[in-house]
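Colleague: Here you go, one structure.
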There are 4 protein chains.
Amino acid sequence: MNLNNLKLHQKLVPENYLKLALEAQRCKEIQMKELLEKRKLPDVGWTEELIEYLIQQLAALDNNNFEHKIGLGEREARMASSKEISIKYLRKKLIIFFQELVIRRNYGFGHGIGRSGDLLEAQPKAVGSTIVAQLTNALVLDVMRLQGIKSVKCCFIVPMATGMTLTLCLLSLKKRRPSAKYVLWSRIDQKSCFKSITTAGLTPIIIDTVKRNGQDGLFTDLGKFEENLSSTDREEILCIMSTTSCFGPRNCDDIINLAGLAAKFDVPHVVNNAYGLQSTYLTHQLEQANNAGRVDLFVQSTDKNFMVPVGGAIVAGFEESPVHAVAKAYAGRASSSQSLDVLITLLCLGKTGYQDLVNQRKLNFVYLQKQLEEFAEKHHCLVIKAKGNPISLALELKTLPADVATKLGSMLFTRGVSGTRIVTKACNKTIDGFEFADWGSHESNLDCAYLTAAVSIGLKLPEIDAFIHKLQQCWQDIEKKTNKDTWQ
Amino acid sequence: MNLNNLKLHQKLVPENYLKLALEAQRCKEIQMKELLEKRKLPDVGWTEELIEYLIQQLAALDNNNFEHKIGLGEREARMASSKEISIKYLRKKLIIFFQELVIRRNYGFGHGIGRSGDLLEAQPKAVGSTIVAQLTNALVLDVMRLQGIKSVKCCFIVPMATGMTLTLCLLSLKKRRPSAKYVLWSRIDQKSCFKSITTAGLTPIIIDTVKRNGQDGLFTDLGKFEENLSSTDREEILCIMSTTSCFGPRNCDDIINLAGLAAKFDVPHVVNNAYGLQSTYLTHQLEQANNAGRVDLFVQSTDKNFMVPVGGAIVAGFEESPVHAVAKAYAGRASSSQSLDVLITLLCLGKTGYQDLVNQRKLNFVYLQKQLEEFAEKHHCLVIKAKGNPISLALELKTLPADVATKLGSMLFTRGVSGTRIVTKACNKTIDGFEFADWGSHESNLDCAYLTAAVSIGLKLPEIDAFIHKLQQCWQDIEKKTNKDTWQ
Amino acid sequence: MNLNNLKLHQKLVPENYLKLALEAQRCKEIQMKELLEKRKLPDVGWTEELIEYLIQQLAALDNNNFEHKIGLGEREARMASSKEISIKYLRKKLIIFFQELVIRRNYGFGHGIGRSGDLLEAQPKAVGSTIVAQLTNALVLDVMRLQGIKSVKCCFIVPMATGMTLTLCLLSLKKRRPSAKYVLWSRIDQKSCFKSITTAGLTPIIIDTVKRNGQDGLFTDLGKFEENLSSTDREEILCIMSTTSCFGPRNCDDIINLAGLAAKFDVPHVVNNAYGLQSTYLTHQLEQANNAGRVDLFVQSTDKNFMVPVGGAIVAGFEESPVHAVAKAYAGRASSSQSLDVLITLLCLGKTGYQDLVNQRKLNFVYLQKQLEEFAEKHHCLVIKAKGNPISLALELKTLPADVATKLGSMLFTRGVSGTRIVTKACNKTIDGFEFADWGSHESNLDCAYLTAAVSIGLKLPEIDAFIHKLQQCWQDIEKKTNKDTWQ
Amino acid sequence: MNLNNLKLHQKLVPENYLKLALEAQRCKEIQMKELLEKRKLPDVGWTEELIEYLIQQLAALDNNNFEHKIGLGEREARMASSKEISIKYLRKKLIIFFQELVIRRNYGFGHGIGRSGDLLEAQPKAVGSTIVAQLTNALVLDVMRLQGIKSVKCCFIVPMATGMTLTLCLLSLKKRRPSAKYVLWSRIDQKSCFKSITTAGLTPIIIDTVKRNGQDGLFTDLGKFEENLSSTDREEILCIMSTTSCFGPRNCDDIINLAGLAAKFDVPHVVNNAYGLQSTYLTHQLEQANNAGRVDLFVQSTDKNFMVPVGGAIVAGFEESPVHAVAKAYAGRASSSQSLDVLITLLCLGKTGYQDLVNQRKLNFVYLQKQLEEFAEKHHCLVIKAKGNPISLALELKTLPADVATKLGSMLFTRGVSGTRIVTKACNKTIDGFEFADWGSHESNLDCAYLTAAVSIGLKLPEIDAFIHKLQQCWQDIEKKTNKDTWQ
């Protein structure tokens, strides 16, 4: 609606008052125009009002929201409650079923994104949903570049978990490499990453991480990778799968050299960058990996990097074709809910907002490390200095027997510390028929129990203080309750 | 909060007034108690207020909504805007990024559903999300039984398109049948159904539908199925895939006899029941198919059957194990958004509400058929009487050349009729390397162009009138503009 | 925002898709344009989406919602929570007070309506609030004319109770007639109507209603009015105050003849039309009264006629000057909350919607009358046929002693029937020093107890059935519990 | 709903998970219990979620929100849209009018507050509304004491402007002093304060403020007050009316000595404390005035002190009876909208939140004074040091002719500075028949033009910087455009 063009009666409001008020709207119009025309993240975040206004305007462009629509034949986007649902007679009474909650919470969007053939295709019936999807993809691309992945070419959001999205990537590669069956996988003890391979019907070749002399943490076993690449029929190898963000003391995989191997042996390379977008260290690894060799696809979570509810992932690549192939592999139309949450969040933050969060995270990491080191010194533990892991820290609980370490973990959980993880020796596990020694440790030779603690984007400094405080309390409790002599 | 236990000062409100008001709350408490304890769809729909109250109570049980939570280490459910995000200094100014929109529209739910290993597992951190997911699954199961699939044993919602969910089903079967590679598929010209096979890395064996003497519409070619089952190594056949709901004049597949063949040859049978839950004819086919033979899994869309936004599907089965296997195949945690929309909608409708919608749909179908037949008589067309399709009708446009028929379709679309489909001869198509003659017609011998029109749940009677009106207008326009002599 | 003028990249959405979607918006633009330019109630009600869109657009025109506003010096419209309230340091922690609830529920409106000198004046800072107020007043005027008060000249909403608004009307008359001290008041036993006079510092001359031979119900004692007008110094009479809508068996005052007397004696005439706008019988009385004589001001409630929350009234008149004088008497700026509720409701209903409600009310009245008469016949009561009361009915409880009648009332209340009233003999009351015999009955000679039941706009037919049902139950209970012999 | 008492099936969620989640709810229950039982402002502000939860629970106690209510006879709280409004037939079509907006934004509250006789009475039908009103009054009382008015005895919110509320106070005094007609009024040039007297039908005796030797600003002319009190028949004096908060350079009235005079001459004393609650200097004046003499009633605005939308005021007193008399004077039931906004805001802020805002305001005042003094030094103006005005500052524009000063004001307004005020000489005005020389200046001997700037609660520091910046820009513009020589 353009109030500028209306001729309002003096009785409604004097013209000169109106003129001034309308002028004050202009900056909003410019913000919207720039966003839609340039498809770049605004420098400064938008107000909630403006964000909602944009979304409502876009939703109005979907045909389920047209006033004079004839929905015959449509099987979707007819949300229960479109204001005239059903009427029943119950002793003379008319009762009308009605609810607006679903419509309201979805802003009237119902068509989802993409068309059955391709998640990136525009929907003629759903112009607003199409814009939401494409605009969000464009803004995410902008964030990626901003974060240092300067060569990234294209990306899109899929409303599936990161694990399932990796599965979809593998399946799209499989279409091009029909005889391939193996995925060379640098072990990371995170279940859904591993399951992404088995669910795709592929066979993982598991390559444990290894320790290096003089360096803390766990590293990619490049030698084993090369060995396997040499010894296996290349046609049978679907790809290398590596991981950037992970629980300490595992480091980010050496994706630069893995990319080199991928190029050398001409096999695809898929990187699991689950929560790596929030760390400029990890994003630069990706950028360099691309320069040094071959990275076909890299996948990240929307929730872990953009603080939206769980359930979405971003597929990205340094070339268009492999990314488009993934979009084309998704069978059916997908939910637009995840794109909408990301769009709202990015517009709210703006460039500076996101960068502030990223910087704050870095400072928080340094702060946690310092606090943990002080704790370690007092309590004869050790913070492992895994330099290739800028997000998660591991605290070796040298003095604690496995059962006591496990107990420490559950004490922390009961006290509201829900994000730490205790890894103990000899905890073996079988997943989809594959056996893992020392599950949780990314290797098969765990020395002693440790506790991991991650510093994610959005964590607030006081939460670190509170965590250290709880950790000290639990530790003291444990010292009191258990016979300390039996520990050592 | 239990206001019953409070001792309010007389100054706030007289005790006897309060007592009466509190008594009036009791029926709501009973409604909530029954729902949560019995996990059955209430007979009568709930008010919006009560639905929101339940959801808010459940959301409060997720730990991201606890007041004294320490989020250290958590990588998810930390929604941008948790009221203290970030602060920046801009010439002495403090600007706070802030938004509540994402939190509000998700009611504070952020953890998604399931755990990395299994979509059906409870999350210790997210009790509310867990209840939402499980309760919704239970209510959906109740609806299925209500609709006539009395033997259905379990089901769950996946936040993926029906097509992708079929892919997931196939992949879960593949885990059990590692050497299988073929899917015997009764042709239905709906892209994402077909892509669900190729995306899974499997090879479809396409079996065209066929005409039968003396019967209208297209039928499953049971002979070809048996032929293929006999001639192919059984280990190499992953499953039979059939479809119930479809565009006319294709009938629902003969799933009863296909189930028989599946049992006879001991191969799995997956049924694509995309929008079949809304039709008791189709649900009874499913129930009988299970009685007559083998149905391992059947999949339906949440949006098409429950009028929620696009993006979710329901996996169901007559036994627990194949369904659980699918839940375990999903790698990662999934969005709870789709479950929430379904929960709200089902609570709003209640049993009687859903059944009213189902009955109304049936009446609407009869009404459309009658209207179309009247139209056909006037304009020398023919309504194909495909008795096995209770949802979609086909109107043969015998007198129209293909290009004119196509034009009719786009005229209807421009006039707001977005759900009809025009199918014309000689429109061949290649998808993922497979060629389809007469794409859109489910067969390779299309006689003449036709128009399909579906009557879905939620369609309102006046929309049918409006459609017929527009159809007549367009027809007249076409008669005027084209030289009618050239048609016939 | 005018999406029409944007140049969107093909990647965002294809141009032809966008064009079609934008065309579908045009009807909304026309609806808004017509409303704002013509200031008439639309024929058909608007959708919620469109209503909210209009309100948001208007709210954006208030300067507290401008992005670059400098609020120095402003003492209002700075709502707690304007997104940066206050920050405090609590052990390194930053805690931000924040809430959006007040802003949200007021759509960002904060400036209220009017200026200190005049409720009808435009506010330069608050263009949106000004339009809301003036537009709502214009729509209400339209409804009044539609309802039959064709000669009404102007009106406005005051966010005060009807009683307080009558006080304000009296005070504004007092400014013009400084030596006046009496109000000639046709007795109606509704407390706030009477208090409107005493609160204004004026002295009521109470004229009881009277019975007429051969006619049911209570009537205005025109004789007494004329007597008082003749015998009192005209300068000392501030005005006549009459009432239209009231509890039966009191009839609407004979405002036509009162208007005649007012004209004849040249004294102002104020009509309390509290819930009379919903009845075309009462509105026509008003119209005729104006034709026949003098009506200076008439006041009605917003909640009782437009089904919005309690707290607003409408001052209206057949000439501008007395109405404007009332607007100028209000000291200060007033809340815009009531105008907003009325605006939303009227836009939602539209002309036809409001008229449907009005017609339905009439039918409901006839239905209740019939039901009550059936009840009366069975139980030896009598429905009083007060032809001049089209809203409220009285059921004489001839057979019930006062205490039993009172008990019946409280039994009904406990069973959820909260709107009926039991009037019994000998219930005297003193208000502000004035004594009323048989308070509740509008006269001083009540014969026997009765029960009143009103049929207001918005009442639903099934509520009448439920009421009759409860009445029967209570009656039976009473018959059982009390010794019936003692009654008669 | 008490989830604690439910027996949930293991399938819904494991018992131990649920137990932990329920324990986390306990602190919320305690917060609610304390609030309702103690009726004191919580120390720390509540979350939005908890506030909304409380409000929803209370709203459910009003009978219009009961599920099984029979509304027959009710004339209010039947909000248009109660989900079954009206149905009409339009060519076979059923169209249902429906809207939830009004209900939603009022949280379902419709009954208003008070009963026709008394704003402080409980409503049996509206237990929730009653609690909202009484609880809010209790919290406001708590804030008043917190702010230093330790002896305040009771208070309540009226949904009227401060001016109209003063009128109501005067009218309630008039009931007790029927022969009184004069109000002794210490002149303050704020229109609605003056109109509060004339609207009440009373005659103001205007006592100009005066300058004092050696002290900056304008002071109460105590001599003139005593003179008038001595010379007028005491019965004819309704009350003294004084003002605390005002535009500089007028100081707060000397209410301590006025209270002394009121006691000495035994006349009531009403204090207009419009925005004085935010300043502890002014609240201490009130407390001391009560100790030193007589203060019957003092009135303040809700919007100006609590940052809610315009439209409410608080009547308070050091004894119950005069306050209750005001509550009883309001004719009819009043809107609960203002109470609700105040309740939400106070709960959001908590004690510490409100005090932080109060402290911040003080610091902002000092900051503005310093900035203005710097500006004044540069530009040959003068900041008037009115020590009795802690909120508003006056900058004497000695060098500017009246028309140029006026122009400066409008330039500032156009640039978004909407809260400053320019006062110039010889601007006389007649209000309701009373003439004011130099209107705006509170006196009749204005020396030269000045600009006032107030520092209200909620103002943010950067707004002061921005104001100074704009002021400098405008000043420079003026210097350029006007011939400076002609000024001096």
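Every residue, even glycine, has its Cβ placed from backbone N, Cα and C.
Curation plays no part in TrEMBL annotations; they are all automatic predictions.
So TrEMBL has the following annotated:
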BINDING   C:ARG75  pyridoxal 5'-phosphate binding site
BINDING   C:ARG115, C:SER116, C:GLN123, C:ARG333  substrate binding site
MOD_RES   C:LYS304  N6-(pyridoxal phosphate)lysine
BINDING   C:ARG415, C:LYS480  tRNA binding site
Colleague: DSSP on C:ARG415 (tRNA binding site), three-state: which is it?
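Modeller: Its secondary structure by DSSP: coil.
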Colleague: Return the member of C:ARG115, C:SER116, C:GLN123, C:LYS304, C:ARG333 nearest to C:ARG415 (tRNA binding site) in space, with distance defined Cα to Cα and candidates limited to these recorded positions.
Modeller: C:LYS304
Colleague: Short of 8 angstroms on C-beta distance to chain D, which of the listed binding-site residues (C:SER116, C:GLN123, C:ARG333, C:LYS480) are there?
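Modeller: From C:SER116, C:GLN123, C:ARG333, C:LYS480, flagged as close to D: C:SER116, C:ARG333.
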Colleague: Specify the nearest of the recorded positions C:ARG115, C:SER116, C:GLN123, C:LYS304, C:ARG333 to C:LYS480 (tRNA binding site), where nearness means the distance between Cα atoms.
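Modeller: Its closest listed neighbour, by Cα, is C:LYS304.
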Colleague: Give me the non-local Cβ neighbours of C:SER116 (substrate binding site): same chain, 6+ apart in sequence, Cβ-Cβ under 8 Å, ordered along the sequence.
Modeller: C:ALA331, C:GLY332, C:ARG333
Colleague: Within 10 Å of its Cβ, which one of these binding-site residues (C:ARG115, C:ARG333, C:ARG415, C:LYS480) has the largest number of other Cβ atoms?
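Modeller: Going through C:ARG115, C:ARG333, C:ARG415, C:LYS480 one by one, the largest Cβ count within 10 Å is at C:ARG333.
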Colleague: Which residue, out of the recorded positions C:GLN123, C:LYS304, shows the minimum number of other Cβ atoms inside 10 Å of its Cβ in this structure?
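Modeller: Among the recorded positions C:GLN123, C:LYS304, the lowest count of other Cβ atoms within 10 Å belongs to C:GLN123.
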Colleague: Which whole-number value in Å describes the distance between the Cα atoms of the residue listed as 'N6-(pyridoxal phosphate)lysine' and C:ARG115 (substrate binding site)?
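Modeller: C:ARG115 (substrate binding site) has its Cα 27 Å from the Cα of the residue listed as 'N6-(pyridoxal phosphate)lysine'.
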Colleague: What kind of secondary structure is C:LYS480 (tRNA binding site) part of, going by DSSP in three states?
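Modeller: Reduced to three states, the DSSP call for C:LYS480 (tRNA binding site) is helix.
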Colleague: Looking only at C:ARG115, C:SER116, C:GLN123, C:ARG333, which the record lists for substrate, tell me the maximum pairwise CA distance in angstrom.
Modeller: 10
